[in-house]
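Enquirer: Structure incoming, see below.
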Amino acid sequence: LAAVSVDCSEYPKPACTMEYRPLCGSDNKSYDNKCNFCNAVVESNGTLTLSHFGKC
């Protein structure tokens, strides 16, 4: 099974769009889009990872 990853190098960003393209984090929480997910990754100091694309 290939690991899924997201490039969060451009983050954090002060504001995210309302775009809905859900991602599921390793915390079993669904994030509405890459921006929201990447901001959470930065806040977690890299402990949060992507579980899979789509809702949890």
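Using N, Cα and C of the backbone, Cβ positions are placed for all residues, glycine too.
Not measured: the values here are computed from a predicted model.
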Enquirer: Where Swiss-Prot annotates a disulfide for Cys8, which of Cys35, Cys38 is the other cysteine?
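Expert: Cross-referencing Swiss-Prot, the cysteine bonded to Cys8 turns out to be Cys38.
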Enquirer: According to Swiss-Prot, which candidate among Cys35, Cys56 shares a disulfide with Cys16?
Expert: Cys35
Enquirer: Of Asn28, Asn45, which does Swiss-Prot mark as N-linked glycosylation site?
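Expert: Record lookup, Swiss-Prot, feature N-linked glycosylation site, residue Asn45.
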Enquirer: If you run the three-state DSSP split on Cys35 (disulfide bond), which class comes out?
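Expert: Where Cys35 (disulfide bond) sits, the three-state DSSP reduction gives helix.
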